[in-house]
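Peer 1: Quick one: structure below, then a few questions.
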Amino acid sequence: MGQAATRSSTNWHLKENARDHHTSKFSSKELIVRRGQAFIVTFNGTEQPEQNLIFIAETGPKPSKLAKTQATFGISSTVSKDSWSAVLQSTSSSSVSISISSPPNAVIGRYKLSVQSTLSGTSSPASLGTFVLLFNPWSSGDDVFMPNKAECEEYVLEEFGIIFAGNKNHISSFGWNFGQFQGDILNICLSMLDRSLNYRQDPATDVSHRNDPKYLGRVLSAMVNANDDQGVLLGNWSGNYEGGKSPSSWTGSGEILQNWKKSGFKPVRYGQCWVFAAVLTTVLRCLGIPTRTVTNFSSAHDADGNLRVDEFYDASGNHLDRAADSIWNFHVWNESWFSRSDLGPSYSGWQVLDATPQEESGGIYQCGPASRNAIKEGDVDLDYDCPFVFAEVNADCMYWNYDLTTGKKTLIFSKSTTIGQFISTKAVGRNDRVDITNDYKYEEGSRKERDIFKKARKKLGLEDKFDPTAPTPQETDQKPDISGKFKVDGLLEVGKDLNLILILANLQSDAKAVNVNMTAWSTVYTRRPIHEIWKDSISATLSPKEEKQFPIKIPYTEYQQRLTTDNTIQVTALCHVEGGIQVLVQRDITLDNPAIDIQVLGEAKVNKEVDVEVIFTNPIEMEVTDCVLQVEGNDLLRGILEIDVPPLKASEKSSIKFKLIPSETGPKHLLVNFSCDKFADIKAFKMVNVID
């Protein structure tokens, strides 16, 4: 047989194998299968009895049996559970069909398969070609096994997702095209592994660890950000996105991953948390690890590891950008599903991974996997990065007044129930929001929740350590004389004046004189102040137990030039109460963009043109210019469509038409993003059901 079997004579049974292995959505001419499951291959040559055939499957730059990156196996009568094996299916006069099985803990990646006959003496093995092996959530022996089939469909096979954003008072959402089965994405994911720091330092060892989802999840959480390793995305939270695309303008991961490859693997500009999380979702789903995006509202970034977040305000009520700690309006990370043999069965299941570069872990910007069960139980001493994730959902908040001239700081108040609210993810098989806060912590304010917080502090050695930056008991025990809150009065829309009511209430039975300094700043979603928009001050006397309302109006003309693409404004009132402690009233406001409407004109049929109309009405009293519509949708159009739209006068309606040629049947998603000089990134999506 010797050299007879060349690649061209191998039949990989692409259709049948892909169907059996849930890989039909890949558009590849190469065999893509999942580990721990049999696949069929047929090749030429039967001059010798079949039992004399030896197969070699190998992966990585230095295949070795010891590292489990090379397997040599003959034909046997039954499938082996824990090693590679081949079972004869059928023979004909000119070919042999074999069923090949890999163990459920095999290294994933691209393999070379060759065959050799023991009767042909010293002739070298004949190459049958290459195939790609992935994780297998449908197989009970796999670390990523997910018993619920509907969850496998959503968290591995679904290419469309919904990401939640906004703030805790006002949750919004937008669609995302993960696109893990499109074009060249699988190859890009594999080359991502080969560009990691671990691979560069020791390729053979790195490849031998690629059977372990914990290892790959951690490595990829580092590779999705550009820090340390020239990874995929460069983060930018400055509010100025020149020299790249603004993070809020992306609608899918495909364009980002393709751009990274096309540029010779230079980091793509720019990402923020949901972009990092969405790209990591694409890569992990592509490789077969069940993964989803999760949004945490009022998310703490505890830079110094003391489970406390400090915020500073000056006497005028300006939020000072001087602390390493911060509280983000929202933060998006990932959960991936796999078992934790290193920690024990009670820590298996959903694991937190975070590709946003916030703090170094082991010297590089990576985060996780942190067992979600460990976070809930306060087991912050377990691998990996549990203290950081625990703080994201549990840290206590301290608000300080900071005197810029003397450097003296005074505690205004502290709160233990602000952080980690409305933790959200997309429902399985539906576009609804599911609240998973109770999977991260016990009920806020409950005894159990405080006990877990104490347990975590103790494990981190914070209980016994004197903390010179912590407030004194006298400071924390002070009770304010008045209370205040901002109430929204009217619609929160870009283009409309912002109307609020400051409500102040005297809690005491004697009159109180109050001086209030108010500011409004545009911010990015991390609540980092960017531009001052407005300031004002009022003085008032509150009678005993009196409540007073002060209307506030911030005209559109005042904020329009200063808004960031996040449409977020932080309004603060610092109340100086005569003879009492200061009271801080603040509210983070996210303004909604105007709506955009998508209409599919007629039935969508495979390989037939169908018209789509996108309608946008300019809601403001001035002209909008530099209008661009961006459209994408798997199996509906190739690549990304960009349409320049003429300027729109005040209240003018624009109708933008284009054609789709669907290439496959089934439910498909069309995503649009419309931008102009006055509105950034108005997003919408539409499900298009394509028929034969």
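Any Cβ shown, glycine's included, is placed from N, Cα and C.
Got these off TrEMBL a minute ago, pasting:
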REGION    1-23  region 'Disordered'
COMPBIAS  1-12  compositional bias 'Polar residues'
COMPBIAS  13-23  compositional bias 'Basic and acidic residues'
DOMAIN    265-357  domain 'Transglutaminase-like'
ACT_SITE  CYS273  active site
ACT_SITE  HIS331  active site
ACT_SITE  ASP354  active site
BINDING   ASN394, ASP396, GLU444, GLU449  Ca(2+) binding site
Peer 1: Near GLU444 (Ca(2+) binding site), how many other Cβ atoms are within 10 Å of its Cβ?
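Peer 2: For GLU444 (Ca(2+) binding site), the count of other Cβ atoms within 10 Å is 15.
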Peer 1: Which residues of the same chain, at least 6 positions away in sequence, have a Cβ lying under 8 Å from the Cβ of ASP354 (active site)?
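Peer 2: The list for ASP354 (active site) reads SER221, PHE276, ALA277, TRP333, ASN334, CYS367, GLY368, ASP385, VAL389, given in order along the sequence.
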Peer 1: Ten-angstrom check, please: count other Cβ atoms within 10 Å of the Cβ of CYS273 (active site), all chains counted.
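Peer 2: By my count, 28.
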Peer 1: Taking the Cβ of ASN394 (Ca(2+) binding site) as the reference point, list residues of the same chain whose Cβ is under 8 angstroms away and which are at least six residues distant in sequence.
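Peer 2: The list for ASN394 (Ca(2+) binding site) reads ALA300, LEU307, ILE419, GLY420, LYS441, PHE453, ALA456, given in order along the sequence.
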Peer 1: Near ASP396 (Ca(2+) binding site), how many other Cβ atoms are within 10 Å of its Cβ?
Peer 2: 20
Peer 1: Starting from the Cβ centroid of ASN394, ASP396, GLU444, GLU449, the recorded Ca(2+) site, name every other residue in that chain with its Cβ within 8 Å, sequence order please.
Peer 2: SER416, THR417, ILE419, GLY420, LYS441, GLY445, ARG450, PHE453
Peer 1: Measure from the Cβ of GLU449 (Ca(2+) binding site) and count the other Cβ atoms within 10 Å, all protein chains considered.
Peer 2: 18
Peer 1: For the domain 'Transglutaminase-like' (265-357), would you mind checking the mean pLDDT of the predicted model?
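Peer 2: So the average pLDDT across the domain 'Transglutaminase-like' (265-357) works out to 96.
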Peer 1: Cα of ASP396 (Ca(2+) binding site) to Cα of HIS331 (active site): how many Å, rounded?
Peer 2: 17
Peer 1: Listing them in sequence order, which of the recorded positions HIS331, GLU444, GLU449 have their Cα within 10 Å of that of CYS273 (active site)?
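Peer 2: Passing the 10 Å Cα cut: HIS331.
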Peer 1: How many neighbouring Cβ atoms, not counting its own, are there within 10 Å of the Cβ of HIS331 (active site)?
Peer 2: 27
Peer 1: Within the compositional bias 'Basic and acidic residues' (13-23), count helix residues (DSSP H, G, I), strand residues (E, B) and coil residues, in that order.
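Peer 2: Secondary-structure breakdown of the compositional bias 'Basic and acidic residues' (13-23): 7 helix, 0 strand, 4 coil.
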Peer 1: Roughly how many Å lie between the Cα atoms of GLU449 (Ca(2+) binding site) and HIS331 (active site), rounded to a whole value?
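Peer 2: Taking the Cα atoms only, GLU449 (Ca(2+) binding site) lies 22 Å from HIS331 (active site).
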